[in-house]
Every structure is written in C-alpha cells, then in structure tokens.
Amino acid sequence: MEPISHLVKSSLPNYLSSLPIPDSIGGWFKLSFKDWLALIPPTVVVAGLGYTAYLAYCPAAQGSCSAKKSGRCNNLIRKNEPKVVDMIDVEDIAEKAAFCRCWKTKNWPYCDGSHGEHNKQTGDNVGPIVIKK
C-alpha cells in the first residue's frame, strides 16, 4: 500500500506540476519542442481514458469497433424459406450424429466443425448438439 500512497501523494503531483502548461493561450505558441514532447504522455493517457469511457458508455460506439451485428443467427442456410426446420428420424441415426447449432456448416443440418474457426475468431464457445441412439 505504501508504493501506491507514494505514487498518489508524491510522484504524480510532482510530475503534473512539472509539466510545461502555459498560463495563457499565447503561451502555447512559445513552448519549445522539448516542452511539446513532455506533454505527449499525459495527453495520450487522457485521450485513452476518454475513448475507453466513450466505448463503454455510448451504445452507438459499441458496434463501430466490431462488425455490425444484424441480430441474425442464420446468415447462410436456406434463406428463401421463412423458417428452417429439419426433421430427422431417430431410427435413421446409426450410432450418433452431431447437428449444427452455429449455422456455419456447409453440410446442413450436420456439423462439420465450422464452429471451431468461428469460436477462435469471436471468442464464442458454440458447439454441436450430439444425438446418441
């Protein structure tokens, strides 16, 4: 706890008081190159904190960093049908069958492992539903 106390009570105030912040608008034009370089780190920190707060609290910003989400699960399989329904008779299943739940498979309705790449890209944990006889 003592290092944090020293940082907050001594180091940070000393650093901030040593920054070359002018008293007037005209003073900004009189800053040297070295003074401008000294102002870069706190400016980057303030901008980063502001941007992080913007992303966290502004709903419009949350979709701008990642792909726009349409809310759809199925972006590929039988789009011409109003509802995708597959009926599979349990007697037709030999020992077990894996069915897709991620809508990424090329072998619909069976799972071909496409969810693995989807999980790596998005951090998701979707997998197939496995039916055993």
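Positions of Cβ are set from backbone N, Cα and C atoms, glycine also.
Among the features that Swiss-Prot reports, [2Fe-2S] cluster binding site is placed at Cys100, Cys102, Cys111, His115. Cys100 ([2Fe-2S] cluster binding site) carries neither a helix nor a strand DSSP state and counts as coil. Cβ neighbours of Cys100 ([2Fe-2S] cluster binding site) (same chain, under 8 Å, six or more residues apart in sequence): Asn107, Trp108, Pro109, Tyr110, Cys111, Asp112, Ser114, His115, Pro128.
Listed as Cβ neighbours of the topological domain 'Lumenal' (1-35) (distance under 8 Å, sequence separation of 6 or more from its ends, same chain) are residues 42. Residues annotated as topological domain 'Lumenal' in Swiss-Prot, with sequence analysis given as evidence: 1-35.
Under the heading topological domain 'Cytoplasmic', Swiss-Prot lists 59-133. Model confidence over the topological domain 'Cytoplasmic' (59-133) is summarised by a mean pLDDT of 76.
According to Swiss-Prot, the feature transmembrane segment maps to 36-58, an assignment based on sequence analysis. Residues 16, 19-21, 65 of the same chain lie 6+ residues outside the transmembrane segment (36-58) yet bring a C-beta within less than 8 angstroms of a C-beta in it.
Reduced to three states, the DSSP call for Cys111 ([2Fe-2S] cluster binding site) is coil. Within its own chain, Cys102 ([2Fe-2S] cluster binding site) has Ser114, His115, His118, Asp124, Val126, Gly127 as residues 6 or more apart in sequence whose C-beta sits under 8 angstroms from its own.
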